[in-house]
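A.B. asks: Dropping the structure in here first, questions after.
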Amino acid sequence: MRCYFCLQPIHKSFDYVLVAHKLENDADLKAQRQKAFINQLEKKNIRVHRIEHEEKVFFGLRAPPEIFEDYQYLLKVSDSCNWCGDVKGAVTQATRYDKRHPVFRLMNLCIFSHDAQRDKQKQLKKKWARWSALFTGQPSNDVRRYFGEKVALYYLWLGWYTKLLVPAAVLGVVVFLYGLAFFQTSPLIKEVCESNITMCPRCDKRCDVWQLSDTCTYTKVSQLFDNEGTVAFAMFMAIWATLFLELWKRHRAIYVSKWKVYDWCEEEEELIMDIVNDKFCKPKQFRHSYFRSALVLALVTLMLMIIIGLAHALVVFRVVAAPLLSEGKWDFISENANTVAVMLGAVLHYVTMQIMTRVNRWVSLKLCEIEKTNSFAATERSFTVKMFTFQFFTLFSSLFYVAFFLGRINGHPGNYVRIAGYRLEECHPSGCLTDLFIQMAVIMLLKQTLNNIFEFTVPWLKSLCSKNAAKKLQRKCGYCYRKTCRDDQGRIEPCDICKLRDWLRNYHLANTDAFSLFNEFLEMVVQFSFATIFVAAFPLAPLLALINNIFEIRLDAIKMVRLERRLVPRKTNDIGIWTKVLEAIGVLAVIANGLVIGVTSDFIPRLVYRYRYGPCATGITDTHCMQGYINDTLAVANSSHFLPKQMMTEYGFNVTQCSYRDYRNNDFSLTSQFWLVLAVRFAFVILFEHVVVVCKFIAAWFVPNNPIRVKNARLHDKLARLKDELR
């Protein structure tokens, strides 16, 4: 089953085209269904023009003018929208049928463009859908006239999101440069690089003791992202997310008011469509089933458990891979086994995401079928929430483990926690934030780069390889255009060869469906999650998002205008449930960044050391306040907890003691410093979240959703309309 896209004919065209496989046997069940469906269309006074070509049958449909007149009148009297505009572009489903109809297994709806629409497409190609227009603005009004309000609002939102990423990206670069400017003079780096401390083996049996100074480079990278600047930047991004949404609501209000769809309502729109299709239709009643709701909830929970189980599988992979890599023949890999394991885990996570995306979509559709929602709009909202929830857990389960569990549940010498006989991973002595940074950087770069490459090259190659089919009819079409493409009254009416040429040209374009725009929104909202939720660990995330979006806007424009069948234009006045999803992400970003700074990073332990245990706290003023911090965070274990061969250094000397990262005494009991650091961590998280939440509420209150000029314009429009009705 395929949906064949809107064609771009030269002259007068059809409203829809249905494409089906040619069936030779009229007694076949599919042929009977096909014939019955066409008969239903003809009973509604829809003109059907049939053209056969090879193994396909094309049915060109022209709806009677009464359908559009009825729609226009009902739209005028509806409370949802008092506007009578370009109804031809708005009534994209005026003659639609229920997709559960069996004939839709054979044929699907496709809308043709008229001459005006073809001109709009040429304008979009000329000034928007080309790479030379990379840094130009979004022609929202032109996009709306050609694709409808729903697609126009997507580009309007994407353009606004990209514009507001500029200050976030600039500040992220400043924070990164701040860490780059001072990390060379950091006493923590000097302490690690010049250390002679012997660290305990990273794994059982296969791993030996190692020198802390071997991880000098790793410590330098950690200091680039784990510094005081990330705290301020995380607070800024949490407030930025709120300001972005509030300013977007104002920006949206200006355009939907200009487009006269401010009061538009999906429910009334669907009722109008049903009446136009069948004047004796009855509304679908609202129903609620506790059994269905409980079943859906149970299945959603089961699916989330499976997704979290996959995250645990990635953890097991890293736990097993690290000791195996440490035994490798390549010195570089064996010396950086943990880092290589983290990067391999991130790549495997990306592969898992690509597979689970298809599984999540199938499960979400099945759950929507179980729910039996009242309308298409309700089904779309339900599907969006489920699909995003599944995708979010698929993408972030592994990141949450790295952020909040890595190195905190692994135990201590003599009592290590194991999975499948292997010890859990430990954090580096300089902190765990670098592991989270590596995981995010690999996933974000792979996801954005590879997705954009496949997203563009697949339809481009398909369009390139399938142009020959329509070119075969080019010469014949040129002849018949001069001879036979005018009727007795001199009106232009393309002949069958002309029609078929245009139909085939567009038939071979990349397919579009109800998920095409959803996929674009999902990709951008997931990127928004990456740029806000764990931004404390990756200040360059907004910069990567900005660079990606500059190309994403142009890529999507070229793809939609040139390489894909035209999306079915749909009316709307907002981005729908995605607004609620973005608000939820903004709240989660506050919680996650507070926990990342308070729990994952070493900001709090360093703060406690500086003012409670460091040289400055004890009255020593001739040295740096953080001198001795690394040694303070290490505990000592005896050689009795490890195999004798593990306690041998690379130079052949045996050691009797080794260090590991933790606040423990010689008997492995927790020190008082551990409890003080833990208390300050929790206090900071609570204080951070409350301060940022208050700032978010103040920002939301300070920025009204509707500009004053929009309110005044709508007031004048209502007054003028009431006066017209009175006259």
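Just so it is clear, glycine is given a Cβ too, placed from its N, Cα and C backbone atoms.
Curation does not apply to TrEMBL; its annotations are automatic.
Quick paste from TrEMBL:
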| type | residues | note |
| --- | --- | --- |
| DOMAIN | 143-714 | domain 'Anoctamin transmembrane' |
| TRANSMEM | 154-178 | transmembrane segment |
| TRANSMEM | 230-248 | transmembrane segment |
| TRANSMEM | 294-317 | transmembrane segment |
| TRANSMEM | 337-356 | transmembrane segment |
| TRANSMEM | 388-407 | transmembrane segment |
| TRANSMEM | 528-551 | transmembrane segment |
| TRANSMEM | 575-599 | transmembrane segment |
| TRANSMEM | 674-703 | transmembrane segment |
A.B. asks: Is it true that the transmembrane segment (575-599) and the transmembrane segment (294-317) have 3 or more Cβ pairs under 8 Å, skipping pairs fewer than 6 apart in sequence?
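C.D. replies: Result for the transmembrane segment (575-599) with the transmembrane segment (294-317) is no.
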A.B. asks: Any residues 6+ beyond the ends of the transmembrane segment (528-551) with a Cβ under 8 Å from its own?
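C.D. replies: Residues 134-135, 158, 161-162, 165-166, 168-169, 171-173, 175-176, 225, 229-231, 233-234, 237-238, 240-241, 392, 395-396, 399, 403, 433, 436-437, 440-441, 443-445, 448, 452, 582, 585-586, 588-589, 592-593, 596-597, 600-601 contact the transmembrane segment (528-551) from elsewhere in the chain.
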A.B. asks: Check the transmembrane segment (230-248) against the transmembrane segment (674-703) for contact, please; criterion is three or more CB pairs under 8 Å, pairs 6 or more apart in sequence.
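C.D. replies: The transmembrane segment (674-703) and the transmembrane segment (230-248): touching, yes.
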A.B. asks: Which listed range (154-178, 337-356, 388-407, 674-703) shows the maximal number of Cβ pairs under 8 Å with respect to the transmembrane segment (294-317)?
C.D. replies: 388-407
A.B. asks: Using a Cβ cut-off under 8 Å, which residues of the same chain at least 6 positions beyond either end of the transmembrane segment (674-703) come close to it?
C.D. replies: 235, 238-239, 241-243, 246-247, 250, 586, 590-591, 593-595, 597-599, 604-605, 607-608, 612, 662-664
